[in-house]
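Asks: Sharing the feature lines straight out of Swiss-Prot:
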ACT_SITE  Glu89  active site, proton acceptor
BINDING   Gly15, Ser16, Met17, Phe18, Ser19, Gly20, Lys21, Ser22, Asp88, Glu89, Val90, Gln91  ATP binding site
BINDING   Cys145, Cys148, Cys183, Cys186  Zn(2+) binding site
Amino acid sequence: MYLINQNGWIEVICGSMFSGKSEELIRRVRRTQFAKQHAIVFKPCIDNRYSEEDVVSHNGLKVKAVPVSASKDIFEHITEELDVIAIDEVQFFDGDIVEVVQVLANRGYRVIVAGLDQDFRGLPFGQVPQLMAIAEHVTKLQAVCSVCGSPASRTQRLIDGDPAAFDDPIILVGASESYEPRCRHCHAVPANKDK
């Protein structure tokens with residue numbers, strides 16, 4: 001039996017908000033730089049919480065990033081000398097992101113994506129479940145529940161301190177002022193704001 005060492009694979013980092021997804025993506029990108037590999041980082045234009053041209057973790061770590069509006073815009077920035085392509089907040093990209101990631105991995109790039117696997121309602125979010133299914137490596141991170149201290153796998157959206165209703169808009173970019181990590185048992189999603 002022969003071991004064939006081929007380049008090109010997909011890594012998914014997922015979990016709730018405040019679980020360390022961006023921090024882990026930044027850590028992996030920095031490690032590639034120590035190995036003298038060339039990396040590029042992308043983020044969706046919609047993510048402008050801390051910076052327009054950096055991926056920034058909640059604890060302040062950051063790495064330069066190229067903001068893009070559409071998934072296929074990523075191809076415009078890909079060059080042959082690159083080894084690693086990292087994409088943060090992947091849940092905010094359009095449906096083409098799955099194909100883009102597949103094409104890049106098939107071309108021999110190590111592709112690292114990070115994003116929320118569930119929306120604030122606790123349902124699968126965007127294209128992340130599909131990316132998890134096709135990835136060679138999946139890392140699911142957990143935060144700490146802000147209510148009871150248990151491992152948190154959910155993201156609680158708060159509006160004026162109260163849980164957001166099930167029918168509220170799915171995408172609302174924010175940080176600690178509008179979201180907090182919760183465990184399954186402390187996570188709440190009222191069916192109607194009036195109830």
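First residue shown is number 1, and so on along the chain.
In case you wondered, yes, glycine gets a Cβ from its N, Cα and C as well.
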Asks: Including all protein chains shown, what's the count of other C-beta atoms within 10 A of the C-beta of Glu89 (active site, proton acceptor)?
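Replies: So the number of other Cβ atoms within 10 Å of Glu89 (active site, proton acceptor) is 23.
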Asks: Can you name every residue in this chain, apart from Cys145, Cys148, Cys183, Cys186, with its Cβ inside 8 Å of the center of the Cβ atoms of the recorded Zn(2+) site?
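Replies: Close Cβ neighbours, site residues excluded: Ser146, Val147, Gly149, Ser150, Ala152, Arg182, Arg184, His185, His187.
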Asks: What does the structure give for the C-alpha distance between Ser19 (ATP binding site) and Glu89 (active site, proton acceptor)? Integer Å is fine.
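Replies: For Ser19 (ATP binding site) versus Glu89 (active site, proton acceptor), the Cα atoms are 13 Å apart.
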Asks: For Cys186 (Zn(2+) binding site), which of the recorded positions Gly15, Lys21, Asp88, Glu89, Val90 has the nearest Cα in space?
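Replies: Looking at Cα distances from Cys186 (Zn(2+) binding site), the smallest one goes to Gly15.
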Asks: Can you tell me whether DSSP puts Cys148 (Zn(2+) binding site) in helix, strand or coil?
Replies: coil
Asks: Which has the fewest other Cβ atoms within 10 Å: Met17, Cys148, Cys183, Cys186, the binding-site residues listed?
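Replies: Among the binding-site residues Met17, Cys148, Cys183, Cys186, the sparsest Cβ neighbourhood within 10 Å belongs to Cys148.
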Asks: For the binding-site residues listed here (Val90, Cys145), tell me which residue's CB has the most neighbouring CB atoms inside 10 Å.
Replies: Val90
Asks: Going by Cα-Cα distance, which of the binding-site residues (Lys21, Asp88, Val90) sits nearest to Cys145 (Zn(2+) binding site)?
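Replies: Spatially nearest to Cys145 (Zn(2+) binding site) by Cα position is Lys21.
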Asks: From the Cα of Lys21 (ATP binding site) across to the Cα of Glu89 (active site, proton acceptor), what is the distance in angstrom?
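Replies: Counting only the Cα atoms, the answer is 9 Å.
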Asks: Can you name the residues of this chain that are 6 or more positions from Asp88 (ATP binding site) yet have a C-beta less than 8 Å from its C-beta?
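Replies: For Asp88 (ATP binding site), the qualifying residues are Lys21, Ser22, Leu25, Val41, Phe42, Lys43, Asp47, Val55, Ala65, Val113, Ala114, Gly115.
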Asks: Output the one of Gly15, Ser19, Lys21 that, of all these binding-site residues, has the highest number of other Cβ atoms within 10 Å of its Cβ.
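Replies: That would be Lys21, with the highest Cβ count within 10 Å.
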Asks: Three-state secondary structure of Lys21 (ATP binding site) from DSSP?
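Replies: Its secondary structure by DSSP: helix.
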Asks: Roughly how many angstrom lie between the C-alpha atoms of Met17 (ATP binding site) and Cys183 (Zn(2+) binding site)?
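Replies: For Met17 (ATP binding site) versus Cys183 (Zn(2+) binding site), the Cα atoms are 12 Å apart.
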Asks: What three-state secondary structure does DSSP assign to Cys186 (Zn(2+) binding site)?
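Replies: Reduced to three states, the DSSP call for Cys186 (Zn(2+) binding site) is coil.
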